[in-house]
């Protein structure tokens, strides 16, 4: 079992404080130091991938996310974990879905050792590797996906919509975490991608997303097509993929 703590704040700042008390109540001192960690290099129906799309989870040791977060007792953490598991069962979350223990800005993600955390902060697990080459910039990828929120509730699915999504790589058509997640997939591959807030979509009144959360996607890469730009009558051009 591996854990990671994440926060939407970047770069992360960690305060280390030590309070010293002498035998005399009047003599008290507090020593603090500030350290900075380096920065880490569903969906509205079909529109997620295209809002996923058109607008711009764990593994490894735990990382501190907030200086003001009170330390939780093991009992509090177990209680929050059981609460998250209960909600995921009610939402019919898929097997081995990661658990999220959230308190304020601090999020602890719990998952099996089958998950891998990339240097970028993206977390993924391959269920089937597939065969062939990885997609390149300019190529079109065709894929199915199911999107979930932290509580395991399904927020979108191309399977339900009845047709897969098609996106050209390297055109900023996907949020960073989603494109990173499929960039090293092969046709026929199936992968679960856990996108941390810093690699996810923007939030706010003008977007589909109201708060910074981890997003989870089960992705099946169907095919990769080459694309070329053609010019018609000297001034109009478009891109065709086959």
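Each Cβ is built from the backbone N, Cα and C atoms, and glycine gets one as well.
Annotation source Swiss-Prot lists transit peptide at 1-31 (among others), citing sequence analysis.
What Swiss-Prot lists as transit peptide is 32-67 (among others).
The annotation domain 'PPIase FKBP-type' is assigned in Swiss-Prot to 138-225. Residues in the domain 'PPIase FKBP-type' (138-225) partition by DSSP class (helix H, G, I; strand E, B; coil) as 15 helix, 34 strand, 39 coil.
The feature disulfide bond is assigned by Swiss-Prot to 227-241. Take the CB of residue 227 (disulfide bond) and look out to 10 A: across all protein chains shown you find 13 other CB atoms.
The Cβ of residue 241 (disulfide bond) lies under 8 Å from the Cβ of 139, 140, 166, 168, 225, 226, 227, 228, each of which sits 6+ residues away along the same chain. Looking only at the domain 'PPIase FKBP-type' (138-225), the predicted model's pLDDT averages out at 90.
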